[in-house]
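Quick look at what Swiss-Prot lists:
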type: ACT_SITE; residues: Glu214; note: active site, proton donor/acceptor
type: BINDING; residues: Asn33, Asp34, Gln52, Trp60, Ser95, Arg162, Asp163, Glu214, Trp300; note: substrate binding site
type: CARBOHYD; residues: Asn56; note: N-linked glycosylation site
type: CARBOHYD; residues: Asn104; note: N-linked glycosylation site
type: CARBOHYD; residues: Asn110; note: N-linked glycosylation site
type: CARBOHYD; residues: Asn197; note: N-linked glycosylation site
type: CARBOHYD; residues: Asn203; note: N-linked glycosylation site
type: CARBOHYD; residues: Asn357; note: N-linked glycosylation site
type: CARBOHYD; residues: Asn371; note: N-linked glycosylation site
type: CARBOHYD; residues: Asn389; note: N-linked glycosylation site
type: CARBOHYD; residues: Asn422; note: N-linked glycosylation site
type: SIGNAL; residues: 1-18; note: signal peptide
Amino acid sequence: MRAFLALIFLTFVMNVESSRPLMAFTPSHGWMNDPNGQFYDSKNELWHLYYQYNPNDTVWGTPLYWGHATSKDLSTWKDYGATIGPDRDEDGIFSGNIVVDHNNTSGFFNDSIDPRQRVVAIYTYNTEGSQTQHVAYSLDGGYTFEKYEHNPVLDVDNINFRDPKVFWHEPTNQWIMVIALSQQFKIQIYGSIDLTNWSLHSNFTGGLFGFQYECPGLIEVPVEGTDESKWVMFIAINPGSPLGGSSNQYFIGSFDGFEFVPDDSQARLMDYGKDFYAFQTFDNAPKESGVVGLAWASNWQYANLAPTKEWRSSMTLARQMTLASRNMNPETKVLSLLQKPIFGESVVAANKISKRNITGQDEQAVKIHKNSTGTFSFDITFSVDSSKNQTGQLQVISGQNGESIRAGFDPTAGQFFVDRGNTSGLKENPFFTDKTSAYVEPWKHQNDLPVYKMFGVIDGNLIEVFLNDGIATLTNTFFIPGTEGLEYLEIESSSDAIHIVESEVKELKLRATS
């Protein structure tokens, strides 16, 4: 019998609406997909998130808007609904981003607008026969927008030319745009001094193909433990990713303001789950926050069918990004992305249990009952002794009705997994893959035994698992009809080979903040 370390989450049957995540953003109603236009307002100390939004239905369709939400801490959100809309009902405001034009390079602002709130949106305007790049600007800090009267600002006569990501490049004193020529598998890099006149600098090609590229990003990311940084190019693939449907890849390299050059020929996956797409970072993030971004927590293979009620789709939790050198195997160490979930000051523990040094078969190592929200986190450090009988599990169990979501580790294969095969929502959909997995080298060795770390969050119908400090992640949605959050969370150890060094489980809730 193969042994594995598993976490299982079961839930009571209540009402569909209660499966809404607590911390990950969801629209109040309607359809949502890609995150757009994230930026930080340093005057009001406020994070802004925009998103692809259809307020008229819970499936994708036109007219397509940008929705808008804000947060003080990236965990508690206020939704404002539709913000930028198309000129005609058959058109759409497709993905793009927002920059803070502190120095008024665009000329859109006068001195009455605080430099910290000179907000400019750059987005794809989609019609039946064209995709062109448009600009709009806000005179109230990002709540309402005026469209630039001379739109479009960029048109290459291609119907698959979309998803601009713009940022200020200080060394060359210019704005940079990365944008996808989607079905040519090409990321174009443009430059501008005023956000309205753009010149092509170079093209980047490479990586996993799939059907098309979307939602690129380019940002400088610090390398942990050094004073150095590297540039990271993010590219979304849909459909046809190696994980099935939608996913994100990234490349690490250098950027001189004109050309991105990867350090190697390897395309790295950002997440090994099924529900992580269109990742984007926040512009103007405070230095102490580092590089912050989030993704759409869904997959185009089944996004329109997710069994929620008045709303459909969520974002992931916000994540902080760094780079670190880590082993891919015993012989090769490479620079890789580390992702760590962000919990704002509004997130507190309603309940918490910690235990250490759990050895061998302990079938109720840790158990925590739902007290308020049924939103849980778990943090486990464990070692594996391959000389012992590896049969058994480490698992977390809850509820009635026999449905479950599992996450865990198989010591025989040396891999982590998430298993949503015992959930009935979308069970008949052939693309709602039961199991996803990730391989990572041990976090460290102690007493000649491999040691691993697994941190996870179960938030409504979303599970996000972070392995070995975020060197690999697994993000998956799951749908148990009528869930009202997890009823309890239990860690079990039934394997002689697994020694739990330390464990902590929390029930999380949100408190009011000023």
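Just so it is clear, glycine is given a Cβ too, placed from its N, Cα and C backbone atoms.
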Within 8 Å of the Cβ centre of Asn33, Asp34, Gln52, Trp60, Ser95, Arg162, Asp163, Glu214, Trp300, which other residues of the chain have their Cβ, at the recorded substrate site? Phe94, Cys215, Ala278, Trp296
Same-chain residues six or more away whose CB lies under 8 A from the CB of Ser95 (substrate binding site)? Asp34, Asn36, Gln52, Tyr123, Thr124, Arg162, Asp163, Glu214, Cys215, Ala278
Spatially speaking, which of the recorded positions Asn33, Asn104, Asn110, Asn203, Trp300 is closest to Asn56 (N-linked glycosylation site)? Use C-alpha to C-alpha, please. Asn33
Work through the recorded positions one by one (Asn33, Asn104, Asn203, Asn357, Asn389) and name whichever has its CA nearest to the CA of Asn197 (N-linked glycosylation site). Asn104
Asn104, Asn357: which of these glycosylation sites has the sparsest Cβ neighbourhood within 10 Å? Asn357
Greatest CA-CA distance (Å) over the residues Asn33, Asp34, Gln52, Trp60, Ser95, Arg162, Asp163, Glu214, Trp300 that the record ties to substrate? 17
Ser95 (substrate binding site) - helix vs strand vs coil (DSSP): strand
Which of the recorded positions Asn33, Asn104, Asn203, Asn389, Asn422 has its Cα closest in space to the Cα of Asn357 (N-linked glycosylation site)? Asn389
Within 10 angstroms of the C-beta of Asn197 (N-linked glycosylation site), the count of other C-beta atoms across all shown chains comes to 11
Might you list, by sequence position, any residue in that chain lying six or more from Trp300 (substrate binding site) with a Cβ less than 8 Å away from its Cβ? Asn238, Pro239, Gly245, Ser246, Tyr277
Anything within 10 Å of Asn104 (N-linked glycosylation site)? Look among the glycosylation sites Asn110, Asn371, Asn422, comparing CA atoms, and list what you find. Asn110
Quick one: give me the count of other CB atoms within 10 A of the CB of the residue listed as 'active site, proton donor/acceptor'. 23
Around the Cβ of Asn371 (N-linked glycosylation site), how many other Cβ atoms lie within 10 Å? Please give the count over every shown protein chain. 11
How big is the Cα-to-Cα gap, in Å, between Asn203 (N-linked glycosylation site) and Asn422 (N-linked glycosylation site)? 45
